[in-house]
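Working notes, beginning with the structure itself.
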Amino acid sequence: MESDSSIEKRSVDETAKPHLATQDVDVAAELTAGKDFVLDPAEAARVRRKIDWHLMPLMCILYMMQFADKTTLGQSAVLGLLTSPKHHLTQSQFNWLGTIFYLFFLGFEWPQNLALQYLPVGKWMSINILIWAIALLCHAAATNFGGFFACRAFLGICEGAITPGFMIVTSMFYTRQEQTQRVGYWFLMNGAAIILLGLVAYGTLHIHSTVLEAWQWLMIITGIITFVVAILFWFFFPDSPANAWFLTPEERVIAIERIKVNQAGVENKHFKVEQFIECLKDPKTWLFFFFSAISNVTNSLSNQRQLIVAGFGFNPLQTTLLGCVDGVVEIIVIFCTVTSATYWKNGRAYSAVLAYCVAILGSILVNTLPSSDRVGLLFSYWISISSIAPFVVMLAWVGSTTAGHTKRLTTNAIVMIGYAVGNAAGPQYWEKKYQPRNHIPWLILSICWAVSALLLLATRFYLAWENARRDREGPDTRFDDVYVTEKLPDGSLVDKKVDKAFLDLTDMQNRDFRYVL
């Protein structure tokens with residue numbers, strides 16, 4: 001895109017209109033440029049409901065399977081993987097398999113986000129889901145650490161496209177007010193995945209086979225379901241509101257006009273170096289990065305949860321069934337937290353911090369209750385699960401405080417790199433010498449949650465300060481009268497005015513952009 005200064009100079013010249021090339025503006029400009037469109041609230045609500053019905057079921061099913069698939073390893077630990085005479089894995093190797101997943105996720109996160117910029121989002125995610133389904137099925141054939149290493153590596157590579165892809169799609173189709181709840185809807189499917197995985201695992205314990213063990217059946221069943229989801233995604237998941245198959249041409253315009261209020265556009269398939277550099281210089285990028293890294297050091301709970309509950313004194317069958325309750329608790333805490341963040345005015349950070357306070361209380365109780373009180377320990381562990389909710393709030397917050405397509409994708413990549421760093425480090429402190437009570441790991445969890453809460457409050461303070469500074473600057477009129485030139489079928493050229501929201505401006509270029517708190 002042309003620099004701010006060049007547009008400003010051309011705007012001053014009364015004989016010339018400021019122009020941008022079509023590749024510099026948002027794809028939404030092709031549908032809305034030059035049109036005086038008045039958005040009917042009733043029509044907007046109808047289109048939103050139609051978008052919900054076509055997007056949310058697919059996104060929720062996929063996110064459920066994504067979480068189920070990557071946590072099959074933890075579930076397998078109590079289904080015979082670590083004790084089987086045919087498969088030689090030590091506790092250390094098991095921990096490293098959790099780390100390997102995130103190391104490959106980390107290594108391929110930036111290439112995955114570049115692919116999301118240049119390629120159709122829905123189709124690229126479908127390809128990754130298909131490869132990951134095959135990798136999951138291959139777990140059942142692995143007999144040593146090397147075989148599991150390869151399978152986990154491919155899972156890590158492919159998962160790198162899913163959460164960033166979902167973040168982009170959510171910001172394309174929904175207003176900033178709606179994004180927190182929608183991110184919460186698909187993220188709370190992690191809880192549904194835990195319930196599904198627990199029930200499937202319970203069923204595999206009743207399969208009597210001399211060829212396959214219970215954990216192998218778990219990998220095969222979840223792999224087949226994921227394979228089916230990949231096919232559904234290829235045919236039914238849209239790439240953007242500008243070409244969504246389930247919307248009529250008129251509804252596509254309504255869908256795009258609906259999100260004009262975001263001041264962030266839909267997408268632009270051209271990589272802009274200046275937006276990439278701006279992202280690296282933006283303080284909030286690194287606040288989100290460090291929050292993502294530190295908060296996800298504690299996400300190792302997802303792989304260790306079966307071993308933790310077993311350490312309280314429950315047998316494998318009880319541990320498997322109790323794991324379903326983990327999922328119910330996760331659904332409740334995510335739903336409550338994102339609902340609070342949505343309807344509590346400027347309360348995103350406060351809602352997340354409140355969830356961390358509850359989690360820290362659970363962690364302290366796990367560390368202080370006597371080993372004989374296994375019911376108390378179990379409930380304290382369930383209380384600590386509320387720590388998952390703040391990350392969901394942050395994911396939506398990133399999308400609603402970042403504008404400019406290249407900058408948004410770069411920010412998503414940096415946040416997910418932080419996610420991978422934290423998750424890669426997490427499994428390493430769950431050493432066998434700390435079992436069964438794991439006092440040191442639980443202390444680490446408490447510290448990480450406290451630091452993460454402070455980072456969220458610091459982010460809120462910075463964004464509020466930036467909003468106040470922009471309020472003092474007054475209105476920004478530099479981009480109020482910008483045009484693109486379109487060639488008509490008869491060969492003639494016509495200038496069409498482009499709304500500021502669809503100029504693919506970043507949140508720092510557009511001084512009228514205000515950060516949600």
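Glycine is no exception: its Cβ is also placed from the backbone N, Cα and C atoms.
For reference, TrEMBL has these:
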TRANSMEM  94-112  transmembrane segment
TRANSMEM  124-142  transmembrane segment
TRANSMEM  154-174  transmembrane segment
TRANSMEM  186-205  transmembrane segment
TRANSMEM  217-237  transmembrane segment
TRANSMEM  320-343  transmembrane segment
TRANSMEM  350-369  transmembrane segment
TRANSMEM  375-397  transmembrane segment
TRANSMEM  409-430  transmembrane segment
TRANSMEM  442-463  transmembrane segment
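Ranked by Cβ pairs under 8 Å to the transmembrane segment (375-397), the stretches 154-174, 186-205, 350-369, 409-430 are led by 350-369. When each of the listed stretches 94-112, 186-205, 320-343, 442-463 is scored by C-beta pairs under 8 angstroms to the transmembrane segment (409-430), 94-112 comes out highest. Long-range contacts of the transmembrane segment (124-142) within the same chain: residues 62, 69, 72, 87, 112, 115-116, 148, 150-151, 154-155, 157-162, 165, 212, 216-217, 219-220, 222-224, 226-227, 229-231, 233-234, 237, each at least 6 residues beyond the stretch ends and with a Cβ under 8 Å from a Cβ of the stretch.
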